[in-house]
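Structure, as structure tokens:
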Amino acid sequence: MNFTLHVTDGRARAATLELAHGSIPTPIFMPVGTQASVKALDHTDLLEHIDAPIILGNTYHLYLRPGDENIAKLGGLHGFTKFPRNFLTDSGGFQAFSLNTNTKHSEEGIIFKSHIDGSKHLFTPEKVLEIEYNLNSDIMMVLDDLVGLPAPRERIKESIERTTRWAERSLLFHQAQKEQGKALTNHLFAIVQGGTDVEFREISSKALVGLGEFDGFAIGGLAVGEPNEEMYATLEYTTPWLPKHKPRYLMGVGTPEDIIEAIDRGVDMFDCVMPTRNARNGTLFTHFGKLSIKSPRYKLDENPIDSECDCYTCKHHSRAYLNHLYRSGEFSYFRLASIHNLRYYLNLVRGAREAILSRTWAEYRRQFYAKRGADEA
């Protein structure tokens, strides 16, 4: 892996991340393909209509179904899906946290029940990496101890201490694999925890950086119930503690506004189900704000979703047609709406990158907000 930082404009960064399955210009938004598939889309959409250099798969879900060992027999995620570009896999800790009421955390790992059949499973830091090796992920996330917010201070303290110990176990396990000539193209990211507490974020960041050579650092435990202002403040004081020569990934975030504010605070990578989930539910993102395509007001609207969008959907179809497809329950709506929302997100970060490279980031950010709420949406 190679990470080259080209330009910093304020704290916003433009860089290139080189991985085994292609280069990734940052800032970057990564579409979420939980089940090794971005919902409603195929590879032609991802490669041609959206041009995504990296997508996410989820360790928890793929371990349970179809099984990581089965995927390994079929050539890992790339052989299994035939998607030729990069995969990042989450550790599954968030799903164990969010999908199961009977999850138990211990020093060994996370015990959880399958949401599919109720069977019990144990995720340890080492087990998670073994799964991710089977998936042959380009970027692997370590297992972390996630806490929902608000949470007692003692629970957050326990979380960062356990996350650090698990990260150390992950790093030692990964280094042992590399010493045997294995896992040479699987790159490991640590995850900073600490809630919205400045002291805890500093402790977590410095502890993880001090462990050794992680390939990148994620900021986890945000967008889990705290106000946006607290999330932005947390990013403001967390990113300076992370190495400048390593990529920074804000997990599970978020709205276009969240992404703009995180880029402004030095974050490079993002993922979220929002663009595809909102698309399926009738909410489309535009340069002028959100648009509810289910509204009767669009029944005779011949305009594209967004006059400034270059996506396949906006080039070929009107708001009226999308309104009809949604209200009729047509499956084609899900594809066309998802193409648009993901293209909007990818164009948002591409525009940010161009602005940073030309040192006009402040103006790009200003223009982003100036257009929000205009009548067009």
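Using N, Cα and C of the backbone, Cβ positions are placed for all residues, glycine too.
These figures come from a predicted structure and were not determined experimentally.
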Matching residue for the substrate site, where Swiss-Prot names D90, S91, G92, G93, F94, D144, Q193 - out of G67, G118, G221, G225: G221
Same-site residue for Zn(2+) (record: Swiss-Prot; known: C309, C311, C314; options: H245, H340): H340
Segment assigned the feature region 'RNA binding' in Swiss-Prot (from 31-35, 81-85, 151-155, 276-280): 276-280
DSSP-derived structure type at D90 (active site, proton acceptor), helix or strand or else coil: strand
Inter-residue Cα distance where the pair is D271 (active site, nucleophile) and C311 (Zn(2+) binding site), in Å: 20
DSSP three-state assignment for C311 (Zn(2+) binding site): coil
Between G93 (substrate binding site) and D271 (active site, nucleophile): CA-CA distance (Å): 16
F94 (substrate binding site) versus H340 (Zn(2+) binding site) - Cα distance in angstrom: 27
